[in-house]
Amino acid sequence: MNSSVRVQEQNEQEDTKKILEGIAVAFAFLVVGLVLYFIPDYLGNKYVTLVVSIILLTIAIIGFSIEISKTLNGSSDFTINIVLGGLFVTAAYTLHYYFPIWWINILGLIILLMGVYAVVLGMMKLVAYVFNSNGGSISTKIFLIITQILTVLSALAAIFEALGIKVDVFK
C-alpha cells in the first residue's frame, strides 16, 4: 500500500509539472505575441507581423484556458466552449468589420451562431459545475472561474484593438 501512495504522489507531481510547463508555454506565446503587436515592423511588414501576433495571442488564450481547466476537475467542457465561442464571435465580428460584403456576412452569421451557441453552452455548463460540485469551496471555484472569464475577455479585447476594430459597449 505504501508503494501505491508513493506512485500516486509521483503522478500528482508530474501532473503539476506538466501544468506549470503548459502555463509557461502559453505565457511565452503571450509575450512574443505582445512584442510583435507593439513592434509592428518586427517582421518587415506590418500586416504579416499583425497576423503572426494575432495567431500567437490566440494560441496563448487557448493554452491558458486548457491549463487552467486542468486545475479544476471536470471544468474542461465549459472552458473550451467559452474560449472557442469567444474566438468564433471575434472571427465573425472581424469578418463583418473588414469585409462588409453580403455573402461574407452570411458566412459571418453562421460563425456567429456557432460562437454564441458555444459561449451560452459553456456558461450553462459553468453554472452546473459550480452548483453540482461536492469538493472544495464554492468561493474558490467562483474566483477561479471569474478570473478565467476575465482573462479571455481581456485577451479578446486586445485582439480587437490589435485588429483596429472599435467596439463601443457604452453607446
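Placement of Cβ uses the backbone N, Cα and C atoms for every residue, glycine included.
All TrEMBL annotations are machine predictions without curation.
Non-local neighbours of the transmembrane segment (20-40) in the same chain are 46, 49-50, 52-57, 59-60, 63-64, 66-67, 70, 158, 162; each lies 6+ residues outside the stretch with a CB under 8 Å from one of its CB atoms. Per TrEMBL, the feature transmembrane segment maps to 20-40 (among others).
Annotated transmembrane segment per TrEMBL: 46-66 (among others), in sequence order. A Cβ distance under 8 Å defines the sequence-distant neighbours of the transmembrane segment (46-66), meaning residues of its chain 6+ beyond its ends; these are 22-23, 25-27, 29-30, 32-34, 36-37, 39-40, 76, 79-80, 82-83, 87, 148, 151-152, 155-156, 158-159, 162-163.
The transmembrane segment annotation in TrEMBL covers 78-95 (among others). Same-chain neighbours of the transmembrane segment (78-95): 58, 61-62, 65-66, 68-69, 104-105, 107-109, 111-112, 114-123, 125-126, 129, 148-149, 152-153, 156, 159-160, 163, 165, 167, counting only residues six or more beyond its ends whose CB sits under 8 Å from a CB of the stretch.
The feature transmembrane segment is assigned by TrEMBL to 101-121 (among others).
Feature annotation from TrEMBL assigns transmembrane segment to 142-165 (among others).
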